Structures are given as structure tokens and as C-alpha cells.
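Asks: Dropping a structure here in C-alpha cells format, bear with me for questions.
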Amino acid sequence: MRSGLIAQKVGMTRLFTDEGTHVPVTVLKVEACQVVAVRTSETDGYTAVQLGAGVAKVKRTSKAMRGHFAAAKVEPKKKVVEFRVSEDCLLEPGAELSAAHFVAGQKVDIAGTTIGKGFAGAMKRHNFRGLEATHGVSVSHRSHGSTGQCQDPGRVFKGKKMAGHMGDTRITQQSLTVVATDADRGLILVKGSVPGADGAWLEVRDAVKKKLPEGVPLPAGLKAAVEAAVDGEKE
């Protein structure tokens, strides 16, 4: 099981295939994604890598976190996430991952926080049809109607779909297709939409419900390996 990546949502655009059909894609940027810490079975009871991405200002980083980053010899990071990995996919602290970690055609799971919508009614939040426009209905056209209880049980069940806060929740979209990657610019293009607003941090992992395709770098798509391959081609 490989590590994932921390990426930042840039926005949406579209690509055209050779046949002329367009594919809507979301652009994700991988910036300074490095290993900050390593968890091993001997010391922690499980195996994982802690990644950090983005470059944070030193004055906005706590003293404890400054020491944490200094131990790994990396710059302060804006976002830190831990990914569970198998023992053969552990990485060294300070190692930098690139967009080449994923390949075109691969399926990935992307986790993030959805855009907050504030307090929303039942029609917007749960797609209720609302009440009648006429026939005695007044004022309450967009209400959710009866909550379905009587003297017994004399309460509204937990989880009842009603008006309330909408959005700003953590979700994972599964089995999204990687259309293309650009390791030089640190870009990953994923088909369709992903959770979050532009600029939001996302966790990109290998899809748990799909097999890894051939050509996926193991244990990870390290930036040093990509640069070495480019230098070899120039020579």
C-alpha cells in the first residue's frame, strides 16, 4: 500500500481528446510535498508516513512544529497529513514526492472538505419537493412538512432530514480518473469535480476499490527520480 499525496485544488478546465470530445477536468497542484515523519511498527505499532505540503511562514508556525520540521530538515509546511502505508513503501524523512506519483488512466480517491452553504432549507439540503403551490397551502410552500411522529414516541428521531447547516463536511470521492499529469509543473488533472473550493487542500490516494495499473512507481513517485530521468534523457 503506497502513500498518497497532498495537493491543492487550482480550479476546473477541460481537455480535448484526439477524437475531438472534451473532458472536464479539475487541476490539482502538488507543491513541496515532503516526508515530515515516519511511523514504524517498532516505535509506533503501525507503519505510516507523515507528509507536509506548501511552504508556511516561520512566524506563523508554532515553536513545537518548527522543531518537528527541523528534525526532518524540511521547511515549515502549511498542511500536514499522515498516510498509512505498507512496510515496503516507507520513505525517508525529507524525501519529496512529485505529481509523477500517479499515472494517466489510474483511479484515485480524493478526500477534502466541501464548500459550506450555511443554513439551508429542506428543499435545497435534501432535494425535498416542498408543499403544494395552492389548495390551501400558504406561507409554508418550501417547508419540509410533517416530521411524522405522534404522542408515541412523542419525539423526532435522530437523523431526520430537516433544515440545517449544509456543506463544510469532509467527504471522499472514490474512483476518479487521472486524465494526465505534469511532473515538471507539479500538476495532476482529474476527470470531473472534486470536493472543496479553489485553493482547498486535498488528500489524493490510490483507489481502494481498483487495482493499481502497470507503470505506477514504487514505493513512490519521488521528485529526485523524475529529475534524474530528465537529466539522463538530456545526456
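Heads up, the Cβ atoms here are built off N, Cα and C, so glycines get one too.
Relevant sequence annotations retrieved from Swiss-Prot are reproduced here:
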MOD_RES   Gln151  N5-methylglutamine
Asks: Taking the Cβ of Gln151 (N5-methylglutamine) as the centre, count every other Cβ atom within 10 Å, in any protein chain shown.
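Replies: Here the count is 5.
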Asks: Under a three-state reading of DSSP, tell me whether Gln151 (N5-methylglutamine) is helix, strand or coil.
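Replies: For Gln151 (N5-methylglutamine) - judged by DSSP and reduced to three states - the answer is coil.
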